[in-house]
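Residues or ranges marked as transmembrane segment in TrEMBL: 12-28, 34-55, 60-76, 106-124, 130-147, 176-197, 204-224, 230-251.
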Amino acid sequence: MTTGIWQRNMVSWMLVVALLPVAAALWIEQDGAALPRFGVALVTLLFWQAVFLIVRAQPLSPIAVVTAFAVALLASGTTEAWQIVLAVSFGTVVGEQIFGGWGRNFIHAGVVALAFLYFAFPEVPHQGTGIWVAISVLPGAMLLLLTGILSGRVLLGAVVGLALVTLALGEDMTAPFWQGSLLFGLVFLVADPVCSASTRGGRWLYGGLAGALIALLGWADVGIAAPQAVVFAALLAAIFAPLIDAGIIAATTKQWREHNA
């Protein structure tokens, strides 16, 4: 994402374009109720981008739109504005800006912000979105897959992991794929091109781990429709992504050396 047409900003803008159908569906489902949350989150993100532009000369990035939208969609309508400001500030500074901005971080700023929100304010109820959002995720996912921004291995691995654990728990295998929050998080948070695994085998393992965690957290704890399941799954999977890649590289190197010995 540093050479040619696929620079960081171009990838960010493609992610924003992929969000447009989801934004329209969310407006229909919630009648514009998510707009104030989006506005507060976006202003907060732009403020911190401006601060790091001055302090560290880090350029502004349209990825702020994606992060703000993730917070608007996956945070509760009863969340106070100051809570969003606090969570988004923590998410963008600790999860993104201190690493040099988007493209150098290893956990999505939206995931960090939402995890902070869920942990710090557990009394706030969070409900997932419905079928319209689930359907609207598909055009953006296809666009990102065709342009190579998203990895098909990550998405397929996640679907397989989610389906297998759901089946093992004796739950309805079709239920997760009608949940708008789950599919949105799977495409825009779990399969984020920066925070997901980068090796071929690692992408399968990373996706499978994320899908399995979504099913475990969803069915065994908060409910498969709750946004917490996909957010915490994305958080845990991203933490293990570097370790997964390191293991794949070590195994491949060992195999190559034995083959050429």
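Positions of Cβ are set from backbone N, Cα and C atoms, glycine also.
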What parts of the chain pack near the transmembrane segment (60-76), using Cβ distances under 8 Å and only residues at least 6 beyond its ends?
8-9, 12-13, 15-16, 19, 22-23, 26, 34-35, 37-38, 41-42, 45-46, 49-50, 53, 84, 87-88, 91-92, 101-102, 108-110, 113-114, 117, 124-127, 129, 133, 181, 184-185, 188-189, 227, 230-231
Check the transmembrane segment (12-28) against each of 106-124, 130-147, 204-224, 230-251 and return whichever range has the most CB pairs under 8 Å.
130-147
Go through 130-147, 204-224, 230-251 and flag the stretch with the largest number of C-beta pairs under 8 Å relative to the transmembrane segment (106-124).
230-251
Residues outside the transmembrane segment (230-251) whose C-beta sits under 8 Å from one of its C-beta atoms, at least 6 past its ends, are 74, 106-108, 111-112, 114-115, 118, 181-182, 184-186, 189-190, 195-202, 205-206, 209-211, 213-214, 217-218
